[in-house]
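The domain 'DhaK' annotation in TrEMBL covers 11-341. Here TrEMBL flags GLY62, SER63, GLY64, HIS65, ASP118 as substrate binding site. The active site, tele-hemiaminal-histidine intermediate feature in TrEMBL is assigned to HIS226. As annotated by TrEMBL, domain 'DhaL' applies to 381-585.
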Amino acid sequence: MAFQSKKLINDPNDVVTEFIEGLIETYPGLQYLDGFPEVKVVLRADISGAKYDKVAIISGGGSGHEPAYAGFVGEGMLTAAICGDVFTSPNVDSILAGIRAVTGPMGCLLIVTNYTGDRLNFGLAAEQAKSEGFKVEMVIVGDDCALPPPRGIAGRRGLAGTILVHKVAGAAAACGLPLADVSAEAKRASEMVGTMGVALSVCTLPGQVTSDRLGPGKMELGLGIHGEPGAAVADLQPVDVVVSHVLKEILSSETNYVPITRGSRVVLLINGLGATPLMELMIIAGKAVPGLQLEHGLAVDRVYTGSFVTSLDMAGFSISVMKADQAILDRLDAPTNAPNWPVGAEGNRPPAKIPVPLPPSHSIQSDKTLSRPEKLSPQGHILEGAIEAAATEVVNLRDNLNEWDSKVGDGDCGSTMFRGAVAILEDMKKYYPLNDPAETINEIGSSIRRVMGGTSGILYSIFSKAAYAELKANTESVVTALHWANALEAAIAAVSKYGGASAGYRTLLDALIPALSALKERLNAGDDPVDAFIISAEAASAGAELTKHMQAQAGRSTYVPGDVLASVPDPGAMAAAGWYRAAALAVKEKYNTA
């Protein structure tokens, strides 16, 4: 299936030049050569080629891999970046213009990724520059470890490990070393690094159609950064499995791509391919470090996580592992003002986690003060049934709540409520003093507070605390239906006070306020408490459905157009109505079987 891609661009033919213009506006330390559209070169604004007294470091390639390469131009890293069209090697004239603009008496080093077009164009430009009297050396980086050892002259592809080579070379040049020494350090660094990528989708070129040739539930191991086929297409696996496989491929003794053995010191680079959230990249980093340490016996000295060499909007990542010694670490730690070089942690790391300084709630203590009674009272049995039914209903509602919330909020109402419900079900088995209703409600609040984030979590924590305080004030030995109604009233008042919402605001209160009104009305009329509970649950459900016709005045729904709101009920109100009704039905069942 293919469809027209959506891009924030003008003319697809102008994306590279317009990118460069925006980059220079953003970073005053950079400038570009006035040769658009044929010559697209970004260079440091603080140097003049004829007078530059250090080795110039020049790299580049096809665009679409941003921030590579222009984002790594700066003192201590690249002196210039040559930008080709998207996924197209820069032409010889553009490369030559870059060499002439930044190369002084010390000469220049060209760092080139191992693709045929880049090798040929940079190679011809180097020969032409030499004929003009420039000192030029070239290092080719091929760090790909995904494919079997290549046949013929193609060699391994250049991937994100190239950025580490840029940094080593840039730092060496900044120290004033001669061209031969800078070139030697860059070549050595290129031989120490291996990379493998995993893609969840292919990328879409500007102006082209989008195609998911991988299909749903598939990933491609070793997919190239231009969308070229990788080693294999496989079913999507948990990140632990994927990371472990990638590390084994990079460090394989069969291919022997990198000279890394147990006991080696290494640097780790986690690279996003363009559409991978930072959250997922950090998850990958969190799995890769212990994998290198425990499975492969390596000391991880530096970790860099972010997007360095992307592939437009491709979803996926690559992992680069570089063998490190103190000389390489010194180069990586050396200062640079290149805009997109990350800050890596140096030296000994402090402990990754320390104890939470706040006193724990009963729900996370193993055996303190409150616990589940060995024998439940009749009231305890009823309370247990009501809680279990309410929490189970929330678990079952998760997908519906998320679907509704995706239209009127941020799409996580069901998942947030689910976490709270699961915690309640688990904690009830161990900690809830079910024969004491007030303390049980307090413990429900502790469970919610521990696992539920966002607005829902804090509102239900306030709800529980207020209900607990009202129940605790009761001096009678038995909690009556009227006591429960008063507790519900106190909880609603607290949520309204601190949350700012009231009836008609399109929130959970639009289910609970009608329920309270019906409950008190029926109890005051002398109805059977169980029947009153059931009637109030029907009022809660009706109130939740009516939220379709309300204009939101609280929460993220306030930003949603009215016609969208009219198509779905408020997820928070539906959740409240769901657990309230489930609790009422469970109480009725318990009384009927008593």
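For all residues, glycine too, the Cβ spot is worked out from N, Cα and C.
Sequence features, as recorded in TrEMBL, placed on the structure.
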{"residue": "GLY62", "record": "substrate binding site", "Cβ neighbours (10 Å)": "22"}
{"residue": "SER63", "record": "substrate binding site", "Cβ neighbours (10 Å)": "25"}
{"residue": "GLY64", "record": "substrate binding site", "Cβ neighbours (10 Å)": "27"}
{"residue": "HIS65", "record": "substrate binding site", "Cβ neighbours (10 Å)": "27"}
{"residue": "ASP118", "record": "substrate binding site", "Cβ neighbours (10 Å)": "25"}
{"residue": "HIS226", "record": "active site, tele-hemiaminal-histidine intermediate", "Cβ neighbours (10 Å)": "20"}
Output field, substrate shell: CB within 8 Å of site CB centroid, site GLY62, SER63, GLY64, HIS65, ASP118 dropped: GLY61, ALA68, TYR69, CYS83, GLY84, VAL86, PHE87, THR88, SER89, HIS226
Mean of pLDDT values spanning the domain 'DhaL' (381-585): 90
Rounded distance in angstrom between the Cα atoms of GLY62 (substrate binding site) and HIS226 (active site, tele-hemiaminal-histidine intermediate): 9
Length of the line joining the Cα atoms of HIS65 (substrate binding site) and HIS226 (active site, tele-hemiaminal-histidine intermediate), in Å: 9
Cα-Cα distance linking HIS226 (active site, tele-hemiaminal-histidine intermediate) and ASP118 (substrate binding site), given in Å to the nearest integer: 13
Residue pair GLY64 (substrate binding site), HIS226 (active site, tele-hemiaminal-histidine intermediate) - Cα distance, angstrom, rounded: 9
Alpha-carbon spacing, HIS226 (active site, tele-hemiaminal-histidine intermediate) to SER63 (substrate binding site), which is rounded to whole Å: 10
Binding residues GLY62, SER63, GLY64, HIS65, ASP118 (substrate) - maximum C-alpha distance in whole Å: 15
